[in-house]
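Before any comments, here is the structure.
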Amino acid sequence: MGFGSDLKNSQEAVLKLQDWELRLLETVKKFMALRIKSDKEYAYTLQNLCNQVDKESTVQVNYVSNVSKSWLLMIQQTEQLSRIMKTHAEDLNSGPLHRLTMMIKDKQQVKKSYVGIHQQIEAEMIKVTKTELEKLKSSYRQLIKEMNSAKEKYKEALAKGKETEKAKERYDKATMKLHMLHNQYVLALKGAQLHQSQYYDTTLPLLLDSVQKMQEEMIKALKGIFDDYSQITSLVTEEIVNVHKEIQMSVEQIDPSTEYNNFIDVHRTTAAKEQEIEFDTSLLEENENLQANEIMWNNLTADSLQVMLKTLAEELTQTQQMLLHKEAAVLELEKRIEESFETCEKKSDIVLLLGQKQALEELKQSVQQLRCTEAKCAAQKALLEQKVQENDGKEPPPVVNYEEDARSVTSMERKERLSKFESIRHSIAGIIKSPKSVLGSSTQVCDVISVGERPLAEHDWYHGAIPRIEAQELLKQQGDFLVRESHGKPGEYVLSVYSDGQRRHFIIQFVDNLYRFEGTGFSNIPQLIDHHFNTKQVITKKSGVVLLNPIPKDKKWVLNHEDVSLGELLGKGNFGEVYKGTLKDKTPVAIKTCKEDLPQELKIKFLQEAKILKQYDHPNIVKLIGVCTQRQPVYIIMELVPGGDFLTFLRKRKDELKLKQLVRFSLDVAAGMLYLESKNCIHRDLAARNCLVGENNTLKISDFGMSRQEDGGVYSSSGLKQIPIKWTAPEALNYGRYSSESDVWSFGILLWETFSLGVCPYPGMTNQQAREQVERGYRMSAPQNCPEEVFTIMMKCWDYKPENRPKFNDLHKELTVIKKMIT
């Protein structure tokens, strides 16, 4: 089996094979070039990450930490990995890619040689087997005619007896020519037969076998290139494996049980001597009737002691019940953690248990505090019981002998004594009414304040599912607070408070069907918030946060989900579906929804558009009607713009749109962008697809999902993100620097889209090709039928230096003049 024996008549197939392989090699070459670029960028990114890490922060001056050592080694090994990846990229460029480029040239030469030789031998074969034989046959037929003609003339001459010799000579000559040509034809025919046999049996098979041999040699070479590529790009080479081994070894050296031994040794302090708490005997210097550490039982205190004893007994019982409940909760949580630990598939899954473990430790602290309270109550109760039992059945002795005192004082003094007695009696009465205040009980009195049955969403301080950042911006003074639904965990509620210069966020716990922070539980969130607001009870003892000023939501923009009816699906956006809908008053609207399973940062970006649009009111900016953030999913309600997106509009109506209308569209966008520029708003995604066509063909700028409002008019973005490359200015692509000037560049691209009637910019180029061409100075040519004045504006917008681009005010003026010029 081979080319020579099986592909004698498959010239077209061989050529197609060579063409296909050349295209394949070009694809491989392009792939390798992109891989080299990708690896270089990856190496640069790794190095950049390491440079951004403050290595000094990982070094403790007086504390040896294995975690710190491990982290520092991770950074060092990541730098090493960066160097390895860079070296690999360079080796890939100088090795496989260079050889592949040479191989492509050689393969092109092989094809060229094959085509040339095949054409040559095929032409020779046709010449020998067809062309020359046809010439001989044609001459053969002619000479037969000439011979027959000479023969007839010779016969006529014989019959007439005239010029016989001359006619005979002509006849002999014609016969000789024919016989000689006959011999030539016989020889040529023999040669043609042999040539054809040689062509099909030897010459052509030899050529095809030669091609096959070179094809196979190139496959062998390509295999070698692939092998080099595989080895160079392998992520399991010894040097890369060693990097990860070093990291793994450093991680394994982390021992949680000994991590803080050195820290303890360095910062160890001697135990402070406990302060002795004793009765201050100086209090008794002016009174002889009271005794240190003795409960006074007399006619003034007997009743109150009974009440205090009863209260302490109740408190002790309540504390013991709570203690049993907490201890059971500790055991239950320990069991749950143990079960969860057994199901962990990865070591890092332990992170998922940290919250439960922290809750367990807090429970244990609560148990210890309750035990302390139990011991304190038991000791106080025992002291009271001892005194009461000692005097059981006895009549309480009087404190003061009034008859004796009456003989030694005046009537005025008696009144003063009686007044003092009354004050003492009233004080004791106060003690009897609130014995816990005397005993310093740690148990809190559950004082539930009725707040009605209004749903949570109807309370002004409830802001729904607004982002954490937006909530923080609303909190400005001590005690400012609001409640919101967690963005990251729908269904979980958070109290956000400004306290002591910080914005604090407390998750509202829901346990045993009660809402609480760490104290009293309530059946709903409004009761919980109202209790802490009215009583000024701290949210947690550790934080000491007190609620002072409820921050009301902006009712102008807030709508309830029930106020909106969803209609037909209009399309899908970056964050979720977009629906047509109506408000209660039948106003048609567009409803943007946010998927509930989106990452937290994308949900924040979703609401960023509404936050920006709240501030704007302009006929060429799409209007915000409101937001529904009271529950998930979150909605943004916009005005319904009936004409749809501008890009689709251009493509559908391209045959009927006049030049003046296109200039009007451009003027509308310029007016809208001029307004945004005055508000220091950077759109960052200006394009035909992000504009909407309203009534009377008024164009409105939409889709502010990437927009930013910056006081300085410049926004810096870092990180790898999906950006509209063909619409984005070079400085934004290269350095993440966005400004009104970068919006002007995008406006120039939008102008090109408008006057090309919806053609994609940089036609025939990929994003990367367009980016590279722009860097080299390339700019798109004018669309067909585009006015020269408009194309001049485009070129101004595409100036490489941002400071040289026109302002939107200038663009608006120039387009106004152009509009007047066009009839």
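Cβ coordinates are placed from backbone N, Cα and C, and glycine is handled just like the others.
Predicted, not measured: the structure shown is a model, and the values here were computed from it.
According to Swiss-Prot, the domain 'F-BAR' annotation covers 1-259. Look at Swiss-Prot and you will find SER434 tagged as phosphoserine. Under the heading domain 'Protein kinase', Swiss-Prot lists 564-817, citing sequence analysis as support. Positions annotated as ATP binding site by Swiss-Prot, on the basis of sequence analysis: LEU570, GLY571, LYS572, GLY573, ASN574, PHE575, GLY576, GLU577, VAL578, LYS592.
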CB-centroid shell, 8 A cutoff, ATP site LEU570, GLY571, LYS572, GLY573, ASN574, PHE575, GLY576, GLU577, VAL578, LYS592, site residues removed: THR593
LYS572 (ATP binding site) CB neighbourhood, other CB atoms within 10 A: 10
Cβ atoms near ASN574 (ATP binding site) (within 10 Å, other residues, all chains): 14
Pairwise Cα distance maximum in Å, ATP-binding residues per record: LEU570, GLY571, LYS572, GLY573, ASN574, PHE575, GLY576, GLU577, VAL578, LYS592: 14
Cβ neighbours within the same chain of LEU570 (ATP binding site) - under 8 Å, at least six residues apart: VAL578, TYR579, LYS580, ALA590
Among GLY576, VAL578, the most crowded of the binding-site residues [Cβ within 10 Å]: GLY576
